[in-house]
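Trainee: Before I ask anything, let me first share the structure, which is written out below as C-alpha cells.
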C-alpha cells in the first residue's frame, strides 16, 4: 500500500502504452476526472537513451483518492491504443527519471554491446573469435546463464573504446556457427539493471506490471527470497570476464559484491517485486491464459499477430520493446481461455513473414484474472489442469514441489510426453498437444547437445 505524502512516497501512478506522439495535454484529458498535481508539470514522461519517447510516464496526483480514480482508467484507450495504469511512488519515479533519458549519467559511452541469439553452449573464446580484430577489455565478456547453468543465448561485451564498439555493431546479423547474431548498443548501466534496483524499493514494492526475463531489458528486478534473482535472471560467471572475477554471484545465492563494487545482499531478500518500465520487460495477465512469442520480425505489428493466430481471437497483444525503445522480437498474447491458449500452440514454429516464431505456453486451466500473476519462464511449461486461479503464480521454479513443470532437455523432459497428473489430475484435453511438446523438447535438446 502506498504511503501518504508525509511518508515521502507521494501519490503517483505510472502509465504505459502511450502513443509515441502523446503530449501532456492529452494525458491531462485522459485523466480529466483526476486532479493532477501542478497540472502539466505533474506529468513526467520517460525517454530512452536516444531521447525518444518510451510510451510511458509518471503522473503525480493530489491525494490517495485521486490515485484510486486514476487506477480506474487502466486499460482505457487513448487514440487507437489502450493505456495501462499502475500504482507507483516518488522513489520509483525519481530513480527511473534519473537513470533514463539522453542526459542520464548511465548513458556514458563505455563501449558495451549486447549480443542475442548465441548458440547454446557458446563460449567466451568463440565470442572473441567472432570479434577478431576488435579489442575487448580484460574480463569484458559477461555470459548470463539460467538457474541450471545453461546459456541464455545472450551476452554483454565491453570493448576498449566506444569507437570499437561502433565497429562491433556492424557485425549485426553475422553468424556464429549456424546462428545469426543480433548486436545492440548497451552500457554498463544496462548490465547493472539486471540486479541493481533502489534498495528502498526492494523492500516495499508490491507486484507490478513489468516482468519478462531477458538480458538488458530495462530496470527490472525481482525479490523472492535468497537466490531467486539468480535463478530467474541468470548467474553471471565463466572464465573470460564472468562476475566471479569480481567476487560477484560466487556463493550460490548471489551474495557478495558485484563487478561494480556494490553489496548485492539486498537483491535477494524479501518478497517484493518491482520493475522500471523498459517498455515491455514485464507482462501481467488478466486472464491467466497467455502465449509468449519469440523470433518475431522486427516490423511485426499487433495486427500481424492477431492474423497469425486466426481464427483464434486473442484478448490482447503486447509487443515488447527494450530500454532503447526498439522492439525485442518478442511478445505476449493473452487469450480468454486455457483451451484457446493451448490451441494457439499449434502455431509453434510457424512462419511470420520470413521468420519462424517460437511459442511458449503460460496458461493454467481454471485460472482467472485478479491476483493471478503471469510470468514467462522459457524453460518450463506452466500449464496445470484443474488448478484454481486467484493468487496462483505460474512461475514456480523447478525443485519447488510442482511436479508438472518439466525442464526442456533436463532429466524431467520425459514428463513432457505424458499427461500432467500428480495432484492436479489428468489432462486428457491436452492429448493432441503432447506430440508438439515432445518435438519441442527434442529440438531443444539437440540445440544444447
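Every residue, even glycine, has its Cβ placed from backbone N, Cα and C.
Annotations per Swiss-Prot:
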MOD_RES   1  N-acetylmethionine
MOD_RES   2  N-acetylmethionine
DOMAIN    11-90  domain 'RRM 1'
CROSSLNK  35  SUMO2 cross-link
CROSSLNK  87  SUMO2 cross-link
CROSSLNK  98  SUMO2 cross-link
DOMAIN    111-188  domain 'RRM 2'
MOD_RES   233  omega-N-methylarginine
REPEAT    234-249  repeat '1-1'
MOD_RES   246  phosphotyrosine
DOMAIN    289-364  domain 'RRM 3'
REGION    354-392  region '2 X 19 AA perfect repeats'
REPEAT    374-392  repeat '2-2'
REPEAT    418-433  repeat '1-2'
Trainee: On a count of neighbouring CB atoms within 10 A, which of the recorded sites 87, 98 is highest?
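Mentor: Its Cβ has the most other Cβ atoms within 10 Å: 87.
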Trainee: Could you break down the residues of the domain 'RRM 1' (11-90) into DSSP helix, strand and coil, giving a count for each?
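Mentor: Across the domain 'RRM 1' (11-90), DSSP assigns the residues as follows: 20 helix, 31 strand, 29 coil.
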Trainee: Between residue 98 (SUMO2 cross-link) and residue 35 (SUMO2 cross-link), how many Å separate their Cα atoms?
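Mentor: Just about 25 Å between their Cα atoms.
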Trainee: Check each residue in the chain of residue 35 (SUMO2 cross-link) that is at least six apart in sequence and keep those whose C-beta is under 8 Å from its C-beta; list them in sequence order.
Mentor: 61, 62, 63, 66
Trainee: Please work out the mean pLDDT for the residues of the repeat '1-1' (234-249).
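Mentor: Computed over the repeat '1-1' (234-249), the mean pLDDT is 34 on the 0 to 100 scale.
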Trainee: Reported in the order helix, strand, coil, what are the DSSP residue counts of the domain 'RRM 3' (289-364)?
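Mentor: Counts, helix then strand then coil: 17 helix, 30 strand, 29 coil.
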Trainee: Just give the helix, strand and coil counts over the domain 'RRM 2' (111-188), going by DSSP.
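Mentor: Computed counts for the domain 'RRM 2' (111-188) are 16 helix, 29 strand, 33 coil.
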